[in-house]
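Peer 1: Sharing a structure here in structure tokens format.
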Amino acid sequence: CVLGIAPHPTEIFSTPASISPIFLELDIKGAISLALLPVIITLFVTDLFDSIGTLAGVGTRAGIFDENKKDGVVKLEKTLEADAVATAAGSLVGVSTTTSFVESASGVEEGGRTGLTAVFCGLLFILTLFMLPLFKAIPGNAIYPILVMVGVLMFAELASINFKDPAIAVATFFIVVLIPLTYSITNGLAFGFMSYVIVKLIKREFSDINLGVVVLALISFIVFLVH
């Protein structure tokens with residue numbers, strides 16, 4: 001606003017819009033039609049991969065999902081469960097798909113490690129509902145430097161990847177390259193899952209392929225066929 005790049009807000013405070021017109025207004029009959037099936041699958045895969053990628057990346061950076069720790073895997077499962085419940089709850093009140101954002105890494109770098117960090121963040125978001133004109137005046141490019149630093153911090157986790165395994169190396173390559181090129185975490189992870197399974201099959205290392213990875217690879221393949 002000072003430099004004239006963004007317009008000055010006409011007001012500071014405002015009353016949040018009512019959600020009563022969309023609250024619990026579910027059209028289940030219309031949603032189960034075959035015409036909407038590709039849309040539902042796309043939304044499911046997008047939210048699934050975005051959440052897995054973001055939560056795993058931020059959680060690993062925070063050191064709370066370490067497999068070597070006693071409760072590392074349990075914390076990851078609970079975090080994914082919380083994300084799933086939030087997604088369902090958000091849909092019920094009529095908002096767009098609730099998901100995790102990689103910008104959360106900035107909170108991790110400031111020392112946030114527990115759920116209390118998320119609670120305070122949520123309370124601050126509630127306050128922004130009454131100050132939307134002020135926050136709308138902030139241009140999108142104002143957050144780009146923050147995203148660059150978040151990317152730099154997240155990139156450091158590549159050092160812990162086992163690049164001696166060809167399947168992991170190829171999958172990592174596709175993920176790292178395709179996420180920025182396609183502007184989509186979903187596309188990067190999808191190619192990562194598929195390439196991992198393909199390389200393992202070529203090398204006949206069937207014991208390294210678990211059911212979860214196979215399911216994710218198949219879902220990814222189906223989504224790309226649909227599109």
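Cβ atoms are placed via backbone N, Cα and C, with glycine included.
Feature list, courtesy of TrEMBL:
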- 116-135: transmembrane segment (TRANSMEM)
- 142-161: transmembrane segment (TRANSMEM)
- 167-197: transmembrane segment (TRANSMEM)
- 209-226: transmembrane segment (TRANSMEM)
Peer 1: Under an 8 Å Cβ to Cβ limit, what residues of the same chain, 6 or more beyond the ends of the transmembrane segment (116-135), are close to it?
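Peer 2: Same-chain contacts beyond the flanks: 9-16, 107.
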Peer 1: Under 8 Å between C-beta atoms and at least six residues away from its ends: which parts of the chain pack against the transmembrane segment (167-197)?
Peer 2: 45-46, 49-50, 52-54, 102, 158, 161, 203, 205, 208-209, 213-214, 216-217, 220-221, 223-224
Peer 1: Mind checking which residues reach the transmembrane segment (209-226)? Cβ under 8 Å, same chain, six or more beyond either end.
Peer 2: 38, 41-42, 45, 48, 189-191, 193-194, 196-197, 200-201
